[in-house]
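Participant: The structure follows.
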Amino acid sequence: MIEAVGLTKRFGAKTAVDGLSFQVKPGHVTGFLGPNGSGKSTTMRMILGLDRPTAGQVTINGLPFRELPNAQRHVGALLDAKAVHGGRRARAHLLSIAQLSGIPEKRVDEVLGVVGLQDAARQRTKGFSLGMGQRLGIATALLGDPQVLLFDEPVNGLDPEGILWVRNLMRQLAAEGRTVFVSSHLMSEMALTADHLIVIGRGRLLSDMSTQDFITHNSAGFARVRVAGNGPDGRVILGTALTKAGGRVLQEPDGALRVTGLELPRISDLAHETGVRLWELSPHRASLEEAYMRMTQSSVEYTSTDDPRAELWEPEPLTVPDWEEEVQAPVVPAETAASFFAPPPPGSAARPFLMPGSPADLAPAAQNSPEEPR
Amino acid sequence: MTATADATPAASARQDGGYSSPLPTPRPHLGHALASEWTKLTSVRSTVWTLGSLVALVVGIGVFAVLQTGSADYKSIPFVAPALFGMMVGQLAVMVLGVLTVSSEYGTGLIRTTLTAAPDRLRVLTAKYLVFGAVAFGVTLGSVAFVGISAALLRNGPEAGYHGAGEWVGALGGCLYVTLLGVLALAVGALVRHSAGGIAIMLGLVTMPPVLGAILTGWPVSREIGLTVVRYNAPMGLIQLFGLPNSGMDGSPTPSDLAQLGLLVLVTALAVTASYVVVRRRDV
């Protein structure tokens, strides 16, 4: 259990963390999200007693970190994969850290096995790839078999197999009743890993709720409708009917309709009434990333200066169909029009690579982009 | 969980309804940190290089000097004197290792891992001082003793005259002096957190005073200060402790061995205290 109360850190005139209060409960993977420079790492460093809070306090199991009787046995942390002496061999590095708290030497070999670095144990860490460094950092965090684990960007530099491994490891650690606190900028990754999300922007708490609630609260779902033959006639008929019924209809580049404001049964009824056959009628939920972008965008909007990030936002990849009275929006080039079955959702071009749940999903992913995370 | 000494994981697990670990949970003490520092010191190549060069310099130059001299040469100088030549350069290796012991942790970011595993920073720092000090003193003493004993065995002819225990005590003081310089370097490393910076400061501290003192004696105004600096500085202290005649510039009385050592002890103690205060307070 990690508990922060009014946590504040100022560096000179800059306030990195501003009155942050939250709880991280055991038994869950808690994701910690925020744009670059939002104070994630500073918060983690304050939790670990590396930085002294300007105001407020943060406790682990009721005690400030530096007053824990045996910190390493209670808290394990991965802050920076490169926080090792490059000239030291992996095993010696782990041994020196283990000895600090009287952790038995055989535990070192255990964690080396857990992270799959048995064969690299005798190598100097200078030659490690970023992924190997992350594994070594995770091994360091696991040394004390602690109840509370903090990971700062643990999947950075890992290959797909490694990302999957980290995800399962976090879930397993949480399932054992541990408190797992993970920061990441990979939103889609967090959607698959975290049960609970704490989102900060500019050092302030933006959101503290379960992942499912977060998506529900911050994004609207939509239905994708595809008429038989994908022809324009049926599309216009159905689109007009849907618009009249109070729905909002947008057309995707490949001809499918994106309907908001109407329940799926109602759309089906309307299609039946107008005599239009459907090839697809599927519910969709905006991804965690969309919800997150929407949320942090608002925190960015408070800036008075020009924010170049605005240029990163994708133009709406949807065209307004003919029956809408609005001005015709420009059609997005065909690069977003992927396949018949599952055209990518808005913003898909900006999505980071997403490891599917099982390796079997990887192969068809090329033709059929992965389903929404949740 | 309360602040009692041995809060077992099971106890905290009961409170949280969380995970409990089968590993033992001793209260970490200085011994653990000493073991950790020993592992750290012996598992990097910079230790081998710096201490290796120290031994090579002291023993190499020392034995060469012993072989080039005869028993008669030791009439006015102690048997350990040949070790001094190598030690004048070798002390730099000790200082470099002293700085690196702590600055390499800051430079690589390892210090964050270390202090996350052991938030009682003073325990970690104390272990660094003790382990480094013991190793530096041991290696220095071993090299000097080897040269001194070689000289005593090979050049103990009647021409060498009488050699008392005092010169061995002096050599012991000399080894302590070099070790203290290394400890001072470690303190400087902890204060500046930068390898090159720390080494530069230590080099300046050791090599500048003789030059600076000589310059200061050039002007009548600063002559007294200059003479004091010339008498009390690191190379002069080392020469004196190793029992070589101190060539005072004006024949003024040379300071005692204890005064030379005491001065360095004082400076080192100040730096070590400062390092404790700063490391405890500072954000890592």
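Note: Cβ is positioned from N, Cα and C throughout, glycine not excepted.
Curation does not apply to TrEMBL; its annotations are automatic.
Annotation source TrEMBL lists region 'Disordered' at B:1-26. According to TrEMBL, the compositional bias 'Low complexity' annotation covers B:1-13. What TrEMBL records for B:48-67, B:79-102, B:129-153, B:168-192, B:199-219, B:258-279 is transmembrane segment.
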Participant: Using Cβ distances below 8 Å and needing 3 or more such pairs, separated by at least 6 in sequence, tell me whether the transmembrane segment (B:199-219) contacts the transmembrane segment (B:79-102).
Facilitator: yes
Participant: Residues of the same chain, at least six outside the transmembrane segment (B:79-102), with any C-beta under 8 angstroms of its C-beta?
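Facilitator: Contacts with the transmembrane segment (B:79-102): 41, 46-47, 50-51, 53-54, 57-63, 65-66, 69, 125, 128, 132, 136, 140, 143-144, 147-149, 151-152, 155, 163, 167-168, 170-171, 174, 178-179, 181-186, 188-190, 193, 195, 198-199, 202-203, 206, 234-235, 238-239, 242-244.
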Participant: For the transmembrane segment (B:48-67), which partner among B:129-153, B:168-192, B:258-279 gives the most CB pairs under 8 Å?
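Facilitator: Counting Cβ pairs under 8 Å, the winner is B:129-153.
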Participant: Using a Cβ-Cβ cut-off of under 8 Å, list the residues of the same chain that are 6+ residues beyond the ends of the transmembrane segment (B:258-279) and lie near it.
Facilitator: 121-122, 125, 129, 173, 176-177, 180-181, 183-184, 186-188, 190-191, 232, 234, 236-237, 240-241
